[in-house]
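K.L.:
This is the structure I have questions about; it appears just below.
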Amino acid sequence: MEKGLSSDLIIAFVAIVLHVVNYNVTAQFEYKTRYFTKLIGRNAIYYYAVFLIISALIRDHFINVAVLSDKDSIILFPTEIANMIGDSCFIFGILLNIWTLKALGIKGMYNGDSFGHIMDSPVTGGPYQFFSDPQYVGTTIAALGVAIRNQSIYGFLCTILVGVVFYISATFVETPHLKNIYSNRSYSKINFKNLKSLKN
């Protein structure tokens with residue numbers, strides 16, 4: 001039980017939750033205030049994308065710290081098999097995320113809807129033929145790969161939390177927010193040729 005209260009695991013859990021809270025809160029804040037667009041201009045979404053990538057890397061760092069502190073705590077496979085399965089899952093997850101980025105573009109992948117970049121229609125091609133939220137599936141599978149490769153109980157616990165937090169976020173926060181955005185297109189879509197109008 002004491003092992004389950006490891007500070008490394010707790011920090012990883014906090015990082016997982018805070019990353020999702022971070023992008024939900026900042027996206028809704030921008031949508032309601034246009035603060036970042038007023039401050040930075042039409043390229044605000046690209047700075048925001050970098051911000052979210054850094055946030056995700058910080059989360060991943062703390063997950064890796066927890067996993068490495070717990071390496072080989074649950075031996076499910078011989079090392080060679082664990083490496084092969086883990087690496088395969090990790091690569092698949094990363095490739096799925098790259099495929100999602102290709103399908104959505106930077107604006108679609110990183111909450112561009114909240115920044116006034118409204119899509120004409122939902123994306124149904126690419127990975128969306130198979131998953132409703134492929135970027136979350138990809139990240140979860142990549143985390144699973146890390147857990148398997150290191151045969152770490154902490155890794156599996158982090159993977160479960162990643163999946164659960166993504167599911168809760170997508171179902172109860174992001175979907176209602178997107179419905180609100182697209183039901184009010186006149187407000188949601190920004191005329192980037194006339195950003196001065198946002199200050200009125």
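Counting starts with 1 at the first residue shown.
Glycine too: its Cβ is placed from the backbone N, Cα and C atoms.
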K.L.:
For F36 and F115, give whether Swiss-Prot records them on the same side of the membrane.
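P.N.:
Yes, Swiss-Prot places F36 and F115 on the same side of the membrane.
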K.L.:
Let me know the model's mean pLDDT on the topological domain 'Cytoplasmic' (172-200).
P.N.:
80
K.L.:
Below 8 angstroms Cβ to Cβ, which residues of this chain, lying six or more residues outside the topological domain 'Cytoplasmic' (59-86), approach it?
P.N.:
3, 6, 8-9, 11-12, 14-16, 18-19, 143, 145-156, 158
K.L.:
Report, as numbers and ranges, every residue of the chain located at least six residues beyond the transmembrane segment (40-58) whose Cβ falls under 8 Å of a Cβ in that stretch; write 'none' if there are none.
P.N.:
15, 19, 22-23, 26, 30, 106-107, 109-112, 115, 117, 139, 192, 195
